[in-house]
Amino acid sequence: MIASFWNPTIRSTHAAKIARRIRCDDWVSQRIAAARECSRALKDASVDALVTHTHRLRIAAREQPSEELLTSAAAAVIESIRQTFAIELFDVQLHAGFVMASDAVAEMQTGEGKTLSAVLPAYLKSLLGRGVHVITPNSYLAQRDQEKLEPVFARLGVTTGILADQADPSVSRKAYQADVTYGPAHAFGFDYLRDQISNGDGSFAVYDRIQNKLPLSDRIQRPLHAAIIDEIDNVLIDDAVSPMILSSRSDQQAADAELHRIACVVANRLECDRHYVADALERTVSLTESGFQTVYKNRDMAVHPQLVRPWHEYVTLAIRIKAFYRRDVDYVVSDRKIRIVDASTGRIFEDRTWSGGLHQAAEAAERLPVTTETRSLARITRQRYFRYYQSIAGMTGTARGCEREFASVYGLAVQPIPLRIATRRVMQPDCVTRTMAEKWQAIAKETRQLHELGRPVLIGTSAISESKAVADALENQGLTFALLNGVQDADEASVIRRAGQTGAITVATNLAGRGTDIALDSVSRELGGLHVIVTQRSRLARVDRQLIGRGARCGDPGSARIYISAEDDLIRLHAPWIARSLLRSDASDPHSVPKIQRQLKTAQTNQQRRDAGLRLRLLKQDHETATLLRRQTQRR
Ligand SMILES: Nc1ncnc2c1ncn2[C@@H]1O[C@H](COP(=O)(O)OP(=O)(O)OP(=O)(O)O)[C@@H](O)[C@H]1O
């Protein structure tokens with residue numbers, strides 16, 4: 001059991017078996033035709049009739065899941081969506097729904113209508129009455145989708161719930177009692193950990209829910225059954241590089257606060273390569289012999305009564321903060337607290353802290369009160385948590401490149417869904433500049449030209465500091481814009497609602513990079529649709545593709561352009577040789593652009609490989625810890 005649970009070959013074989021079925025064109029077209037046929041019998045059915053239909057399917061689901069059940073479920077979903085929104089589900093949406101109902105990943109291009117595609121698998125899995133989790137990368141998308149789809153499910157007699165941020169356990173418990181529960185991935189993971197802590201036997205890392213001794217009625221979650229994951233590459237891959245850790249938090253002043261402050265002063269005196277060696281990719285620092293001598297010059301520090309770790313570690317923490325962590329990029333300061341920024345979504349984590357004293361080093365560097373270190377109460381990797389579901393499925397516009405990891409880690413096959421209609425997106429040639437300052441000017445100029453034509457423009461930046469730089473450049477051009485970067489008070493939903501209107505200019509961090517649907521008004525559609533500006537290539541190509549996918553959706557017109565400068569993070573940190581060749585050549589020479597593009601793509605592929613290696617290491621560690629704990633428990 002444990003061996004098969006961890007065996008990548010068994011998982012990949014399982015994925016291949018599913019893939020053979022869902023890749024069969026005949027199977028798909030027969031299912032779609034049968035569902036359409038069956039939905040005709042339900043046309044204009046009353047709510048009572050639809051609820052009765054669901055009731056019949058629930059009985060059938062308990063007896064034996066079958067192809068007929070799938071067809072009847074699809075028919076009910078088609079009809080409920082038709083009655084709720086007065087629209088007809090497209091074939092590609094049904095196709096994606098069937099793929100997910102078969103426990104696989106549907107790769108459907110951005111803007112093709114994934115939100116509605118998820119209704120079919122969620123409805124089908126809910127028929128067993130054991131709860132379905134519809135998991136999104138963040139709370140905004142969870143709430144938006146639950147509000148939008150609640151009437152569709154209600155018409156079918158299926159209840160929905162939403163996991164609110166920082167909700168009381170009793171409120172979350174109620175949300176989990178619904179047939180379909182929406183929420184961000186971290187909320188599900190942390191509720192699982194909360195239940196394990198209440199269980200109190202500390203063995204949760206090895207034994208899953210079966211082992212939990214807490215009565216079901218006292219747990220927040222029901223036993224994990226089915227998960228449908230939106231933006232599945234973000235949830236299961238990008239965010240899986242670090243485990244979910246539930247910790248006890250205290251805002252009290254740390255006993256060793258003064259030591260962190262002194263460490264900052266010492267760190268400022270040390271020189272890179274002379275006193276320490278820094279690895280910018282791993283964000284690690286090691287002291288040289290000369291560094292050690294300088295750090296321990298004052299011998300009293302080695303035996304200071306408040307030390308909770310060796311003195312030189314305080315100094316290396318302070319150096320790491322100084323060298324690698326940037327305000328308004330990696331963290332923000334608000335209410336005299338450090339708040340971490342999620343690099344992949346641009347969101348600000350309200351309740352997370354760095355561990356191992358790093359958070360305290362950042363507080364000291366920012367001259368804030370230094371708080372007590374959090375104590376880790378429970379942890380779980382995302383890989384382990386999601387494997388506890390009896391079935392998982394998901395959807396994304398960017399699964400390409402992750403197929404092997406999906407198969408070997410989660411047993412998931414990936415099925416690309418054909419485009420409904422050819423995209424009308426015009427990719428403008430990349431714009432290359434030497435410096436950031438030149439880039440901001442070029443972006444402001446292009447924005448003004450498009451704004452004068454009335455076209456809406458979305459400028460997607462990689463960090464909060466960058467969004468502020470763009471904002472300054474636009475203000476210098478006398479342009480009015482909406483800023484969405486997580487630190488301002490603007491209501492995210494209303495900014496997104498206006499972003500596609502004629503003449504709108506929106507500057508956003510990755511907050512608007514995934515899942516957001518920017519609707520055009522009729523005039524902006526006539527004028528050529530949304531123009532998306534990518535201010536720099538991200539370290540992962542999938543993040544760029546998602547941002548570009550905010551425009552030209554569902555057959556709409558639109559365009560996009562990527563800006564590149566020698567000072568971009570991807571170049572600075574991961575491919576400095578590109579900066580050298582860029583500075584040597586004429587940046588405006590169009591012949592040099594394809595070469596730079598190729599080099600940047602290689603840098604992105606290398607990053608993807610490096611991250612995959614990190615996740616593999618984490619998985620191995622997790623497996624080893626689990627095996628060790630299991631042996632210890634058996635010996636007891
Ligand atoms: N069957 C349909 N008929 C008409 N409009 C639809 C249909 N399905 C979806 N849409 C519309 O298409 C737009 C895009 O849908 P949606 O946001 O679900 O796309 P998506 O694939 O999730 O995009 P992303 O990959 O960016 O998350 C929405 O405005 C939605 O209302």
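Note that Cβ sites are derived from N, Cα and C of the backbone, with glycine treated the same way.
Annotated domain 'SecA family profile' per TrEMBL: 7-595, in sequence order.
Feature annotation from TrEMBL assigns ATP binding site to GLN93, GLY111, GLU112, GLY113, LYS114, THR115, ASP517. All chains included, 18 other C-beta atoms sit within 10 angstroms of the C-beta of GLY113 (ATP binding site). In three-state terms derived from DSSP, GLY113 (ATP binding site) belongs to neither a helical nor a strand segment and is classed as coil.
The domain 'Helicase ATP-binding' annotation in TrEMBL covers 95-269.
The annotation domain 'Helicase C-terminal' is assigned in TrEMBL to 445-601.
Following the DSSP three-state reduction, the secondary structure of GLN93 (ATP binding site) is helix.
Mean pLDDT for the domain 'Helicase C-terminal' (445-601) in this predicted model: 89. Around ASP517 (ATP binding site), taking its Cβ as the centre, 19 other Cβ atoms fall within 10 Å, counting all chains.
Long-range neighbours of THR115 (ATP binding site) (same chain, six or more residues apart, CB within less than 8 Å of its CB): ASP145, LYS148, LEU149, ASP230, ASP517.
Comment: ATP site residues GLN93, GLY111, GLU112, GLY113, LYS114, THR115, ASP517; largest CA to CA distance 16 Å, whole number. Other residues of the chain with a Cβ within 8 Å of the Cβ centroid of GLN93, GLY111, GLU112, GLY113, LYS114, THR115, ASP517, the ATP site, are MET108, LEU116, SER117, ARG553, CYS554. In three-state terms derived from DSSP, ASP517 (ATP binding site) belongs to neither a helical nor a strand segment and is classed as coil.
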